[in-house]
Amino acid sequence: MVDFQLNNFSFDPVVSLGFAAFLFLLMALPISFWAVAGSSDSSKARFLVAISNLFLTSQLILRWWQSGHFPISNLYESLCFLTWGCTLAQLFLERAWRSPIVSAVATPVSLLSIGFASFVLPENLQSSAPLVPALRSSWLVMHVSVIMCSYAALLIGSILSFGVFLVDGKKQFNIRNSSFGSGSFRQSSELYLDERNENLNSIQPIEFTNAEQLDSLSYRSITAGFLLLTVGLISGAVWANEAWGSWWSWDPKETWALICWLVYAAYLHTRITRGWQGKKPAILAIAGFFVIIVCYIGVNLLGVGLHSYGWFFDA
C-alpha cells in the first residue's frame, strides 16, 4: 500500500478514490428520488453515477498497480469491484430505458457496498497484501471477477424486481407478452399487431407501464447474472481441482453459491416454462438478493471456510 504524508497526515490514494466514489453516489441518490417525483432531471444522477464508476475504475487500476495482482484478493477490494460492476450494470440498464426509477432503485446498492467498504471495514482489511500461494493463479481473474460481475447483475436485477412492488403497490398486472418476450428490452415506442384485425397494416403503438419495464429489465439483468454465475461456478470447480485435488468440497461459500444458483434457476424456470410474470417471479428474485448477501457478506465476515476473507476471527 502506498501512503502519502502531508503534515503528519497520511492517506491511501486507493481508499481516497473509494471515498470520492461514495460521495458522488451519495449526491446521485437524492437526485434520483427527486427525478422520480418529477422535481429533477434523471440525467444528472446518471452523470454522477458515471463519474463514480470512473473513480472506481481508477481505484481498481491503481490497486492493481500497487499490489501486482488483480484487485479482488480481500473483502475491501471485492466490495469495490462489486460496486464498480453495479454502477456499470446500472448505466447499461439506464441506456436501455431512460427512467429515473432505475437509478432510484439501483443507486442504493452501490452506495451501501462502497460505504461498507470505506467506512465499516477496519484499515487492515483495506490494505493490500501478498497473495497466498493458492491464489497465485490465472484462475483468480477468471473465477472471482466473473463471480463478482454475476453478483452485480443479480443484485441489480433483484432490486429492480423489488421496484415492481414499489411502483404498482397492490395492483395486479399481466405482462402483455410471453416470458421470453417480456425479457426483451421494450421501449414505449414499440409496435404491436392488433390480433383483432387480420389486416397487417393495423399496427398500433403501445405504452408499457413502469412495472412492465422494470420487470423486463430485471429479467434481462438476472439472466445475464445467472449465466455469469454458472461460468463462475464451473471455473471455480476447475480451479479447486487444480489447487486442492477436489472439484467440490462443500465449503460454506460453495454451498451458499449453489443455493444462490438454484434460487435464480427457479426464477428463470418459472418465467420460461411456467409463464410466471410480474410479482410472482419477483418474490424469488428478492429471495435471491438475501441469499447473495449471506453468501458474500455473511460467510466472509464470519471468516468461515477457504473462501472467506475474514474479519471477526482474523482481525
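Cβ coordinates are placed from backbone N, Cα and C, and glycine is handled just like the others.
Using a Cβ-Cβ cut-off under 8 Å and counting only residues 6 or more beyond its ends in the same chain, the transmembrane segment (17-37) has close neighbours at 44-45, 48-49, 51-53, 55-56, 58-59, 62, 80, 83, 87, 100-101, 103-104, 107-108, 110-111, 114-115, 117-119. According to Swiss-Prot, the transmembrane segment annotation covers 17-37 (among others), on the basis of sequence analysis.
The transmembrane segment annotation in Swiss-Prot covers 72-92 (among others). Sequence-distant contacts of the transmembrane segment (72-92) (same chain, six or more residues past either end, CB-CB distance under 8 Å): 18, 21, 25, 46, 49-50, 52-53, 56-57, 59-60, 63, 102-103, 106-107, 109-110, 113-114, 116-117, 121, 125-126, 128-129, 131, 135, 140, 144-145, 148-149, 151-153, 155-156, 221, 296, 300-301, 309-311.
Taken from Swiss-Prot, the feature transmembrane segment applies to 101-121 (among others), supported by sequence analysis.
Among the features that Swiss-Prot reports, transmembrane segment is placed at 146-166 (among others), with the record citing sequence analysis.
The feature transmembrane segment is assigned by Swiss-Prot to 221-241 (among others). Residues 89, 93, 137, 139, 142-144, 146-147, 149-158, 160-161, 183, 247-249, 254, 257-258, 260-261, 264-265, 267-268, 285, 288 of the same chain lie 6 or more positions beyond the ends of the transmembrane segment (221-241) yet place their CB under 8 Å from a CB of it.
Feature annotation from Swiss-Prot assigns transmembrane segment to 255-272 (among others); the stated evidence is sequence analysis. Sequence-distant contacts of the transmembrane segment (255-272) (same chain, at least 6 residues past either end, Cβ-Cβ under 8 Å): 147, 154, 179-180, 182-183, 219, 222-223, 225-226, 229-230, 233, 236, 280-281, 284-285, 287-288, 291-292, 294-295, 298-299.
Marked as transmembrane segment by Swiss-Prot: 282-302 (among others).
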